[in-house]
Structure formats: structure tokens, C-alpha cells
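First the structure, in the form of C-alpha cells, and then the observations on it.
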Amino acid sequence: MTVGLFIPCYVDQFYPGAAIATLQLLEKLGVNVVYPANQTCCGQPMANSGFEHLTGGCNELFIKNFAEFDYIVAPSGSCVLHIKHHIHDEKQPEKAASVSHKIYELTSFLTDVLKVTSLPAKFPHKVGMHQSCHGQRGLHLSQMTELVAPYYSKPGSLLNMVEGIELIELNRADECCGFGGTFCVAEEAVSVKMGKDRVADHLKHGAEYITGVDMSCLMHMEGILNRQGSKVKILHIAEILNGGPLNP
Amino acid sequence: MSQNITTHTDKKLPLQGAGGADHAALADIFNKDEDRVNWHDETLWWIRAKRDLSVHKIPEWEALRDTASAIKNNVLSNLNSYLQQFEANAQANGIVIHWAADGAEHNAIVHSLIKKHNVTRMVKSKSMLTEELHLNEYLAENGIDVIDSDLGERIVQLAKEPPSHIVLPCIHKKKEEIGELFHQFLGTPAGNADPQFLTETARHHLRETFLSRKVALTGVNFAIAETGEFVVCTNEGNADMGAHLSDIHIASMGIEKIIPERKHLGVFLRLLTRSATGQPITTYSSHFSKPRDGQEMHIIIVDNGRTVQLGREDFRNSLKCIRCGACMNTCPVYRRSGGHSYHNAISGPIGAILAPNLDMEKYADLPFASTLCGSCSNVCPVKIDIHDQLYKWRQVIVQNGYAPTAKKLSMQAMATTLASPFAYHMAGKAGRLVMKYAPFALNNKLNPWYKQRDMPKPPDESFGEWYKKNRKAP
Ligand code: SF4
């Protein structure tokens with residue numbers, strides 16, 4: 001099995017640590033991972049802004065980079081959801097469809113495909129888990145509080161395999177943090193207020209770290225934490241599952 | 001434009017005119033008072049929590065939602081025949097049926113009925129439709145005095161504001177502000193904000209209204225094709241009081257309010273208030289099937305853009321809405337921007353997918369007033385795919401040319417860069433791509449990211465660069 005690693009543009013540029021952890025973690029689990037050098041972006045920033053018609057170039061490039069792999073894995077629920085729901089290419093519809101079927105968000109790949117039951121990781125800290133909406137409600141990574149259905153959490157079950165970790169409870173288990181792609185600047189006031197409230201819920205319950213499956217939500221919350229001068233850190237879930245942040 | 005929301009001028013009008021403030025600007029004003037935002041958010045979250053408690057007591061909840069959605073699918077596919085069946089049965093019961101293509105027709109019918117009876121006053125209850133059609137302003141211009149008899153509606157009417165929520169019209173008002181309004185208009189002592197006392201006062205004030213108004217207008221929650229009757233759901237009983245004491249009862253309903261059979265009602269009544277407030281059922285679910293002796297009963301069946309929406313395949317599901325308000329209570333954006341920021345009679349997520357159908361230019365901002373978190377679709381008792389429709393409206397609005405030019409240009413630049421690995425890597429090196437184009441480039445004057453958030457610290461190298469050094473190229 002060969003996995004094509006998709007690293008979303010802003011993770012590539014701003015959070016290489018999350019990408020490195022994703023790669024190392026998959027390798028540790030015995031997966032043959034390849035990172036196609038010519039990848040860029042899933043096209044979601046345009047599509048969610050109403051410019052889906054401009055994503056043709058991104059779609060074509062994505063298919064070119066990833067169509068050959070058995071699986072495609074990305075450390076981002078939001079980008080995966082976009083590819084799953086919106087990638088299309090009139091010239092090669094079957095390839096577009098196969099890409100959307102083969103792509104997995106990292107934690108669902110670990111639980112559903114690799115069926116991981118233990119991890120060689122230790123992280124003795126109090127950690128708040130932010131349920132990013134696109135991963136949770138879009139990809140069903142965990143049960144949603146609005147629905148009357150049994151509880152489960154793919155990222156939660158993985159975090160519980162980490163030695164020493166203490167996951168905190170939140171008052172609002174799955175409220176949106178307000179990032180929302182271009183929403184975070186187009187609706188600055190509401191976005192920031194949502195982010196402040198989300199962060200406050202974690203702080204109130206004693207989080208030392210806030211983690212999640214989407215670096216974009218975490219980037220937004222990190223921006224708020226840093227502005228507030230907080231010592232609480234954000235870490236992508238891959239970094240925790242890989243045993244903590246990299247020591248450069 | 002910005003004053004409208006804070007000073008509330010004389011007219012009860014939408015807060016945005018042509019070229020007026022959009023959702024983001026109005027939300028920005030609302031957010032100037034963080035304590036109020038906190039209070040608004042917590043009040044509505046409390047209602048959402050009550051909803052969760054009550055629906056989790058019903059193991060068959062999701063099956064009920066599926067059933068309701070399926071009944072509404074049937075209705076939307078056979079709307080004309082159900083409406084005709086309803087009309088025939090209602091007429092057989094002695095109800096007069098009127099058809100109105102739009103607000104102007106509807107309002108003229110109401111006016112003519114009032115004129116015919118030679119009165120100048122009307123009492124009204126439970127009708128968001130008449131808000132949508134601006135009936136109150138129209139009647140005021142024609143010298144008719146309308147009193148909204150539901151407490152929340154009455155409060156916003158006294159404040160000369162539109163409702164900010166379809167079920168909780170004055171949820172944006174604190175009790176102290178309500179006390180002040182009552183002091184000003186109903187003569188209660190200054191500084192008394194005791195909810196019990198204020199409710200009592202309103203009740204006395206409205207009792208006089210019920211006894212002296214000959215014409216009563218109510219909304220319609222459900223119209224049953226099989227029997228020709230309609231059902232009005234209220235907690236205060238004002239609709240009943242108004243309707244029973246009047247000589248003429250007018251009911252205004254949108255064409256989508258129809259349900260096929262009486263037995264279907266049970267599904268919707270179980271869903272409606274549990275979704276709205278967590279109550280098992282409304283205090284009053286009143287069936288009106290025929291006028292009492294000596295009374296006239298009229299139903300005005302209104303289209304006002306609904307058939308257009310029915311014809312928009314991607315958006316027709318929005319007509320399933322039973323107006324429970326759950327999508328507003330759960331919406332993290334609504335809770336922190338307030339209902340008035342939607343500058344439309346129906347606010348929140350459902351308003352944001354209904355409004356562009358009525359006027360795409362004026363409401364072009366609303367589908368963007370969302371993070372697409374999807375909570376609205378999950379709480380919706382009739383399973384409207386609200387957040388997917390918000391996404392689709394964005395595409396339609398841009399395709400129709402209602403996107404700002406700056407946004408268009410930056411999106412084009414971004415699309416070009418991201419379609420080319422070479423350009424992407426150059427841009428990334430030159431200043432970290434995301435900082436250059438997205439999402440920060442949408443506003444060049446100020447950086448709205450940086451206002452209240454720190455920027456991420458750019459690392460020494462991108463992952464791509466790290467990979468090249470540390471792993472063999474594939
Ligand atoms: S869209 Fe659904 S949740 Fe929102 S008001 Fe209508 S029925 Fe209720």
C-alpha cells in the first residue's frame with residue numbers, strides 16, 4: 001500500500017511540524033508514504049468564497065498528483081471534506097471520483113484503514129480537543145451533540161492511546177471556533193468573538209495544550225492565545241500521536 | 001447607516017437599504033458591546049441546551065426527523081393538488097379563501113377586509129409572514145392601527161424594531177430595557193424590570209385590545225389539506241383570544257404550510273417545540289376549521305417568491321421549514337451577531353438561504369455570514385441541508401456578479417498561483433503564500449486578521465523544503 005501525503009498549503013508554509021509529524025507517524029506505523037513535490041492546495045479557499053468555478057486548475061493538479069496512489073491522507077478534515085465533496089473534472093470524471101473516494105483525513109485513516117489499537121506515544125499533559133466542524137459534521141469523525149445517536153470519537157480514541165494524556169471536558173463539546181476560511185477576515189468581529197469563547201472554554205478547564213485535526217482552526221485559536229499572552233499552546237493531533245512536538 | 005441598529009428610527013424597516021451595511025458591518029456594531037454579546041450567546045445557548053435535553057429523551061428522534069422531511073418532500077412535489085384540496089375543503093367549511101401572489105396583494109386583501117367592516121384597528125398574533133410582507137407599515141400608512149398581541153412581538157413593536165428571532169422576537173432585549181419601554185408606553189413605574197410584573201401589565205393592556213378589536217389576524221403553522229382546517233401553535237394563547245373575540249378572523253399562510261393529512265400533524269407537533277425551546281409541545285395547538293356563528297373566517301394563501309424557490313432545485317428544500325428557530329439558537333454566528341445583523345424578517349441560517357431568493361443583490365452578503373459548521377442542518381427537525389445551501393448560494397451569488405471586485409481579483413490571483421506548483425513555491429518563498437493571498441488579501445487597508453489575533457510565526461522552511469532535504473524524492 002502506498003499513501004500519497006497531501007499537505008495543505010498553509011500547513012506546508014506555516015506549520016511544517018504538523019506535516020513532519022504526520023509523515024513520521026505514518027512511517028512508524030509501517031506505511032509507505034510519498035509526498036508529491038508538485039502539490040499546492042485543495043482549492044477550498046476559492047470554493048467556499050463562491051468561486052468554485054475557479055478551482056479547475058487546482059482540481060486538475062490535485063488529480064495529477066494523487067490519482068495513482070492507493071490512498072491519499074491529509075492532516076486536515078476541512079481540505080479532505082472539500083476534495084470529497086467538490087473535486088470534479090469534466091475531462092476525467094472517473095479519476096476525480098476515485099480521488100474523492102481514496103482520500104482520508106489522518107485520524108480516520110488510522111482508525112478505519114490501519115485500525116490502529118495502540119501507539120508508542122507519551123504526552124503527560126492536560127489537553128483540550130477542538131472538534132473542527134468540517135471534520136466532525138462533514139466527515140463524521142465523531143458524534144455530534146445535535147444528533148440523537150451513540151457517542152464515538154475517532155480522534156478521541158486515538159488520543160486515549162497516548163500514555164499520560166489527560167483529556168479535558170468542555171462546556172460546549174463541539175462548538176465552532178469561528179475560523180471558517182475567509183470568514184475569519186470577512187467577518188472579523190464575529191470570528192474573533194467565537195475564537196475567544198472557544199479558547200476560554202479550554203482555559204477554564206485547565207488545558208495546557210489545545211489540539212485538533214485541523215491546523216486552520218488551531219492557527220486561529222493560536223493567534224488569539226498569543227495575543228492574550230497565554231502560555232497555552234496548540235499542537236496538531238499528529239504531533240501528539242507522534243509523541244509530542246519535534247525538538248529541532 | 002450604522003445608526004439604524006442603535007437608535008431605531010420611526011419606521012419598522014429592514015436595517016439595510018440598497019448599499020447599506022452588510023451582515024459583517026452590523027455584526028461589528030453588535031460586537032462593540034461584548035457583555036451584551038455574551039448575554040445573547042448564553043441565553044440562546046441555554047435554549048439550545050434545553051432542546052438537546054428534550055430531544056435526547058426521544059429515542060426515535062432521528063426517525064421523526066426523517067419522517068417529517070419525507071412528508072414535506074411529498075408536499076413540495078404535489079403542492080398544487082394539496083393546495084386545491086385544502087381550498088375546496090376549507091370553502092366547504094365556510095372559510096373564504098384568497099390567493100396572493102406577493103406582499104402587495106396580501107396587504108391589499110387584508111386592508112379591504114378591514115375597510116369592509118368599517119374599523120380602524122386590528123389585533124395580530126403569531127405571524128412572521130406578515131413581517132416578511134411588511135403588513136404593519138402598510139396598514140399604518142393606511143390609517144389602521146395594528147397591535148401585536150404576543151408579548152415579544154408587542155415589545156419590539158413598542159421599540160419600533162423588527163423581531164430579531166422568529167420564535168423569540170425580542171431575545172435581543174434585556175429585561176431592564178423592556179421595563180423601560182413599558183414605563184414609557186404603558187405607564188409602569190420606572191426601574192421595575194420584574195418579568196412577572198411586566199407580563200401581568202402586558203396582559204392587562206392586551207386584554208383591552210382583545211375586547212375592542214373586531215378584526216384579528218393570525219398566522220398558520222399547519223394547514224391540513226384533508227380537512228381544510230388550520231392549526232396555530234402558541235404558548236400565550238393570544239391567537240385564540242384574538243380570534244375568538246373577533247367578528248372576523250383572517251389567517252395568513254405561505255403556500256408551504258400545507259400538510260396532507262391530519263395524522264401527519266403528530267409528527268410535526270412533536271418536533272416543533274422540542275426543537276424550538278425544548279418544550280414537549282406548545283401550550284396551545286389550536287385547530288380552526290370553521291367560523292363560529294356570525295363570524296367570518298378568511299385565509300390568505302401567499303406565494304411571495306415561494307414558487308420561484310420551489311423551482312430552484314438546489315434550494316427548494318428550504319420550503320420545508322416549520323419555523324422552529326432551532327437553527328438560529330444553535331448558530332454560533334447568529335448568537336454572536338444578533339438577529340438584526342441579517343437585515344431581513346427571517347434571520348439566522350434559514351433566513352440566509354430564504355432571503356437571496358427574494359432579492360439576490362440586497363441579501364448577497366447573507367450566505368457568507370456562516371462558517372459552514374453544519375450545526376444548523378443537524379438540529380433542523382425537517383432536515384433542511386442548510387449549510388450546503390449556504391455553500392451553493394455563494395456560488396450562485398458570485399456567478400450572478402454580486403461579488404465585490406477586490407474579492408474577485410484576489411480570488412483570481414489565488415486560483416492562478418495555486419494551479420501552478422512553480423508560482424506557488426515562488427509565492428511561498430517570497431512571503432509565505434497564505435500571507436500574500438489568502439485569506440488576508442481580501443482587505444488591503446487593514447489586516448483584519450491582525451486586529452485581534454497574532455499572525456502565525458513563519459518557520460525557516462516549508463514542509464516541502466524539509467522533505468526535499470530529509471527524504472528521497474519520489
Ligand atoms: S430551517 Fe429548520 S431549524 Fe431552522 S427554523 Fe426552519 S425548521 Fe427550524
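Keep in mind that glycine also has a Cβ here, set from the backbone N, Cα and C atoms.
Small disclaimer: the values here were computed from a predicted structure and weren't measured.
As annotated by TrEMBL, domain '4Fe-4S ferredoxin-type' applies to B:311-341. Sequence annotations record features per position, and here TrEMBL assigns region 'Disordered' to B:451-474. Among the features that TrEMBL reports, compositional bias 'Basic and acidic residues' is placed at B:451-460.
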Legend entry - Number of helical, extended and coil residues in the domain '4Fe-4S ferredoxin-type' (B:311-341), per DSSP: 20 helix, 0 strand, 11 coil
Inset, instruction - Pull the DSSP breakdown for the compositional bias 'Basic and acidic residues' (B:451-460) and write it out as helix, strand, coil residue counts. - result: 0 helix, 0 strand, 10 coil
Inset, instruction - Note the mean pLDDT of the domain '4Fe-4S ferredoxin-type' (B:311-341), expressed as a whole number. - result: 97
